[in-house]
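Quick look at what TrEMBL lists:
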| type | residues | note |
| --- | --- | --- |
| BINDING | Glu69, Asp86, Leu88, Asp89, Asp221 | Mg(2+) binding site |
Amino acid sequence: MRLSPHMTVMQNAAQKAARRLLRDFNEVEQLQVSIKGPGDFVSQADLRAEAAIREELERARPGYAFLMEESGASGSDNWTWRWIVDPLDGTTNFLHGIPHWAISIALQRRLPDGTIELAAGLVYNPAANEMFWAEKGVGAFLNERRLRVSARRDMHEALFATGIPFAKVPAQRRLPFARTLGALMPHVAGIRRFGAAALDLAWVAAGRYEGFWELGLKPWDCAAGLLLVREAGGYATDPDGADLHDMGDSVNVVAGNAQLHGKLRELVADSLTARP
């Protein structure tokens, strides 16, 4: 399959970083039994991967701005094109030797009227050699196979994914999560928490999940995945149904197939407005 120039650059950058991360991941597995542990090593692996991605993207498109997990925003405030990069989504999985982590790269474009749109995105799991990618108006793909979201209509047959808030997350995010979980659990086939939001969204695009929700994500956690879901025929919005093209510092995401997205979105929206 012939890739566009932008997607070629993005996949080259992801594959360059992946080679480093795979070497580091193999070393992490050995560090699990050491006294020091792998924590500092993984932090450095994250930074090295980000540097490798930035170097490749900057070389190919020197005028583009960046929003990166580790180094933040850089480039002109009046950018026309901006990369959004998470060099290692699923860091805790990586840290524990679990092969469920990914590189996420998205490309935003600002149109002449000031509107911002997601133009391209990829989520790459090197451990599984799965490259999920999408371009606006082109479609979503896993390697060279076209993706479509699941066609399931019955909530009782549906499998959903989410992210569980951890101890440091404020109560205003923990309580809505607990309410949504409690409302959903009796009516679905299952709920999964695998610890990598970018891959969760990619799996919705691939039809492996019927839907996904999480509160308080960062743009680099979800930008590429949002486009994947949309280009695979699904919906990806906030709990009020608004598109998430121009993402702020914190993003509440509800994604799913056309049949079940609305039901999931209503449950999440209700959980955010319910009194404790």
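The backbone N, Cα and C atoms fix where each Cβ goes, glycine too.
The structure, with features from TrEMBL marked on it.
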{"residue": "Glu69", "record": "Mg(2+) binding site", "DSSP class": "coil"}
{"residue": "Asp86", "record": "Mg(2+) binding site", "DSSP class": "strand"}
{"residue": "Asp221", "record": "Mg(2+) binding site", "DSSP class": "helix"}
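Among the listed binding-site residues, namely Glu69, Asp86, Asp89, Asp221, the Cβ with the most fellow Cβ atoms inside 10 Å is that of Asp86. Counting Cβ atoms from all protein chains shown, Leu88 (Mg(2+) binding site) has 27 others lying within 10 Å of its own Cβ. Those same-chain residues not listed among Glu69, Asp86, Leu88, Asp89, Asp221 yet with C-beta within 8 angstroms of the centroid of the Mg(2+) site C-beta atoms are Val85, Pro87, Gly90, Thr91, Ala102, Ser104, Ala198, Lys218, Trp220.
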